[in-house]
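Reviewing the structure listed below.
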Amino acid sequence: MASYDYIIVGGGLAGLVLAARLTEDSSKRVLVLEAGEDLTADARTSVPAMWPTLLNTDADWQFKTVPQPGFNNRQISFPQGKLLGGSSGLNGLSFTPSSKANVDAWAKLGNPGWDWASFSKSLAKSYTLTTAAGTTAGDGPLQLSFPKDTDNSWPKIWQQTLGGLGFRQSGESYTQQSTGPVTVADSIHPASKTRSYAGNAYLEPARSRENLTIVTGAPVSKIVFAKDGSAVTAEGVQYVKDGETQTATGKEIILTAGAINSPRILEHSGVGDAKLLAKLGVDVVIDNPNVGENLQNHPMAGLSFEAVEDAKTIDGLARQDPAALQAAMAAYAQQLGPFASSGTNNAAQLPFPGIQTAEGKAEVEALIAKYITGANNGGNAAFAEAQAEFVRSILTSPEEASGYYISFSGFASFNPDGTMAAPPPGDEKYFSVALLLTHPLSRGSVHINSASQSPTDLTIDPQYFSHPLDLEILARHLRFVESLASAEPLASHLKAGGKRNPAAQSAGTFSADSGLEKAKEYLRQTTVGAHHFTGTCSMMPKDLGGVVDAQLRLYGCPNLRVADASIIPLTPRANPQATVYGVAEHAASIIKGGL
Ligand SMILES: Cc1cc2nc3c(=O)[nH]c(=O)nc-3n(C[C@H](O)[C@H](O)[C@H](O)COP(=O)(O)OP(=O)(O)OC[C@H]3O[C@@H](n4cnc5c(N)ncnc54)[C@H](O)[C@@H]3O)c2cc1C
């Protein structure tokens, strides 16, 4: 049986960052076990716009929530990458670091060394950013760039419209804080305009190292523990390869299977709530009811508005019009056009609508007083208090964002089950704004419901909108989206009285007196979950709800660490990949003894 210094369970975003960094020391032998396959040579991972073609294939875990009462009992299906590189190989490419306030709040929970000042250094190790002017910042493996197109007027329209409403770009858009319009970088290589991700940027330079072994198509079923009195040591892992169960042993195990699968593997291995595990017939190794709790995700909604006839949008391509497809392919040959970018570069981080006025301040204070109460906070009371304090500080500051707005030159709407909706038939063009609640208070859970491993052995319950303040805040941001559409210069690029996405069309306007209630009902009907799960093996003191300590060691088993999106105790304010790269770089420094 082979033995290693480190066994990395899950060769996804965090797993491959760790594999690359830990094998820099040639004396350390590292094994990576990845359930999915190596698709690094597959065009669906490399051509930026092709990622949706990987959804609902074998490269996707194809998860589904239980019915969500806050979403009128809809079940929301959602993807997670099952391939070398994990979700970084099929994600939407936006690279949006979180705010200083968010990361500092992790440290405040009792995680020394995880404040913004320290964490941002690890984040900076991960990327090289090439600006539109061709200058570079940083020298990390991941390549970031902006679209090269110069004939697109939407970015200016977006910035000028927000500028007219008092929101000017501030701070640095991708390396620190920023409130107002932001130009978001893509994880796309500036030279080739292909996806840059853990599967190539981190893996390629490390792949040929003799001390690195990668096994794909190798789902890990459990961690093997040894018990000596009350001391628990992780000895190795059990995995399946070509239908055969195998075991690998290692001095240290690092779990990086993502926010859904990391707690799943722990529970199948006997680490979790003893009562739940005993009921399912799993032998309990470490009793910690926090495993699988604190599941956080951004609720995401949006509005599409009909654009004027000569607007440049991607609706023709989305309707698979052959001429539009041909034009997009020709443009991609020049490293331009919709295939060469995420299409989500023009965004905004905006505070509570109206916070700049005395009325707005009073409104948010009244909402906080009404809704942040013990009865609503649920779960671990001490954590709920800390989380509420953090969210209160965000909501009451004109410098912090409670809404993340992503503009899109085309129809962008979701089906009731969370999948992307196609544009309605016809030849109308659309401009859309997707809206995310940056820091939801609602928290859910993911737990196994059976000791036997199967695709249905998980109960995933994000509990969207279970905290009533989330809906109240998002509804006010939705109204603000509507008001944006009637502000200049954007208004002149939309058809007066034009169509909207069908659900918005039937809901009517949200700005009238009864609009807030309409907005809430529209959100219950149409909001979906982003693919941004965090928190299920949270890093914080155990009595606050923690699963790992600030060195990322599992409570009760010091040679098992968790080091992926699941350790993030308070979710980042927008798309999380940048933060997960930072977490993995930080973890590598901790493990190598540098921190
Ligand atoms: C469709 C989609 C779009 C997204 N868009 C964006 C975006 O535009 N911007 C952004 O910032 N973020 C985005 N994200 C989120 C981002 O990609 C994730 O937050 C990030 O990849 C999480 O990293 P991770 O290492 O925790 O997990 P992952 O990258 O998901 O890696 C986990 C790995 O573990 C493997 N694994 C799981 N279980 C086992 C097992 N039992 N045995 C062996 N291997 C196992 C998985 O197959 C996977 O490879 C998106 C995510 C998705 C799914």
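Every residue gets a Cβ built from N, Cα and C, even glycine.
Going by TrEMBL, these are the annotated features:
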- V220, P576, Q577: FAD binding site (BINDING)
- 258-272: domain 'Glucose-methanol-choline oxidoreductase N-terminal' (DOMAIN)
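With the fewest other Cβ atoms inside 10 Å of its Cβ, the least crowded of the binding-site residues V220, P576, Q577 in this structure is V220.
Across the domain 'Glucose-methanol-choline oxidoreductase N-terminal' (258-272), the DSSP tally of helix, strand and coil residues reads 11 helix, 2 strand, 2 coil. The domain 'Glucose-methanol-choline oxidoreductase N-terminal' (258-272) scores a mean pLDDT of 98 in the predicted structure. Across the residues annotated as binding FAD (V220, P576, Q577), the two Cα atoms farthest apart lie 25 Å from each other.
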